[in-house]
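Per Swiss-Prot, the feature coiled coil maps to 571-676. Sequence annotations record features per position, and here Swiss-Prot assigns compositional bias 'Low complexity' to 281-291. Per Swiss-Prot, the feature compositional bias 'Acidic residues' maps to 494-519, 532-541, 548-581. Under the heading compositional bias 'Basic and acidic residues', Swiss-Prot lists 520-531, 582-592, 625-635. According to Swiss-Prot, the compositional bias 'Basic residues' annotation covers 611-624. Residues or ranges marked as domain 'BRCT' in Swiss-Prot (evidence: sequence analysis): 351-467. Annotation comment: Swiss-Prot describes 277-296, 471-676 as region 'Disordered'.
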Amino acid sequence: MAKIKKKGTSGQAKNYITRTQAVRKLQISLPDFRRLCIFKGIYPREPRNKKKASKTSTPNTTFYYTKDIQYLLHEPLLRKFRDQKAVAKKIARSLGRGEVGDASRLEKNHAPKLTLDHIIKERYPTFIDALRDLDDALSLLFLFANLPSTSHVPPKTIALCQRLCHEFQHYLITTNSLRKSFLSIKGIYYQATIQGQDIMWLVPYRFVQRVNGDVDYRIMATFVEFYTTLLGFVNFRLYSSIGLRYPPKFDTRSDENGAELAAFTLEGRAVANAAKTIEGSNKQSNNSSNQEVSRDVQAKVDKVIKTAGLDKTKDEQTVEATDENTDAIDRFEPAAPEADTLPQPDISGEEAGALFAPFTFYISREAPKAPLEFILRAFGCKRIGWDAVMGDGAFTHNEADTRITHQIVDRPSLPEGALPAVPAAKEGAVPAVRPGTRIPGRTYIQPQWVWDCINEGKLLRPDLYAPGETLPPHLSPWVKPSKGAYDPRATLAEQEEEGEAEMAGEEEEEESDEEMEEAPETKKADAKADESESEDEDESVDGGMDVADSDDDESESGQEEEDFGGFDDNEAASESEDEEEAARTQHQKELEAEAAGLPFSSNGATDDAKKKKSSQAKKIAAKKRKEEEELERQKMMMSRKKRKLLEKMMYSNKKQSEEAAKLRSKRRKLEKTGEK
């Protein structure tokens, strides 16, 4: 006879473990368990049947995989957590005895320090894996870099996040890896391509942040601790891959003066030093009798110099640089018009890096300096100036500098009388320029021009982005308009369906005619309302008493009712009178035109145009009806499954086309009102 299977030894009860059981098994506190799970990348799981997975009667429990908890038993951080707990007990005991010096000594010398290097290597075996997981890390670190320091967020954490973020930005500037950016309500989105991996992160706007108590900063601080270690590894690898020293030199004084990116100085690993060491070994080998070794060393020296490009003159290097810049990306065009359109490659890093290279920009005080400086430098601009109030590191602080070609302004254009006076300049300071003045030979643009240019990959017309102009729509570069969807960048003629403009024109004419007809009716209704009010006043004056003339009025109304014989005769008479009146007025206009010697243009032309429009609309409606009938016949030949799928597709396409038609009609009305 087979043994009775014991409950809870197989299936979901064995595969899952509750959080309380996991904490007891690891013998650590709940906050340490949360930190350990965040560091190791272990998250709660949801079993298919909680009753089978749980051994208790409490339904609201958090489950983990048993294998994950078993994996945590061998983690070296567990010993660190236990050591921290032991040191905390000793510190509490010393404070209880009043031995403050011993407590500070224990905290300073004996507190164990956590290192997450081995966890980074475990979770990301290759560098590509680390790059793929860099989106959330950058978003969180840029968020903490813009937060104010509080009791939950210490200043050291903010300074560390700022330093790592600026180092990463310097790598993007050096390699021209930034591709796209988008201004949204949440913040500024950036996308960079590093070693074939697209990385996107969000940077908040620099507003005054109010820290709420709803956020659990202990959990976020754990993520920040892990992500700072990750970004430090990534920055070291990225800097080493392009031959730069890490970490770069950091000037504390210029950073305190608001230099930000300019506070860092990048240094390359000098190849000449390696060449000198090899040359020194070459001399020693010449003194010896072994000439083969000297040849090998000389070959190594030649190889290093050749790879570094030290054997070429400056002219050759400039010629090669110009040749590389002139190389364009191949475009793949379809051979036949019916063939599929091939996806075209994006702009290369060299073309993107030279977009703003020949220009000198000046950022006004009202424009956001930090994102503009980063984007302009990432796309090749080497000369960026701003006011001295905005910090150090500018190419020039003089707004009247003649070398400036573009000035980024975010103020509305004011009339000459409304401009403020020229501020008084201090001794030895840069002469101030009156706000709102235009310097000849300089292009004034709004900040959106920079973002739209990098998203389009080319320089756009600056007159569309001049101060005071209505800006074009700023669209997301990652959302491409699909077929049938509304595209605000295209004209109405390119998006309208066949006969849509004619139908819209007819509807507007009908609405205008109805408004014209409603106008006299409203006047008549107002007149009737006034008459009824006057009658009510008369009745109120009578006081409800019968007047002698009331019987006569009733008899007259009775006679009128008896004489009334229907509407047919009256309507026919009125129609004939209207026709006679219209013919008479038309004949009178013809006589007046003949007397004046002018050609007479009657309403016949407009009637013909209306008839043509109505005939076109009827043709389009008949064509659509025919297409719908043909589609219905084709649907009858389909199976039920395919027919249902087709109906779902048609329903979604119909909804999309209706939304696009609404947006087009709204745009059509706005354009007409703008023309008026």
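Each residue, glycine too, has its Cβ placed from N, Cα and C.
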Any residues 6+ beyond the ends of the compositional bias 'Basic and acidic residues' (625-635) with a Cβ under 8 Å from its own?
643, 646
The domain 'BRCT' (351-467): DSSP-derived helix, strand, coil residue counts:
32 helix, 14 strand, 71 coil
If I take every residue in the domain 'BRCT' (351-467) and average their pLDDT values, what number comes out?
87
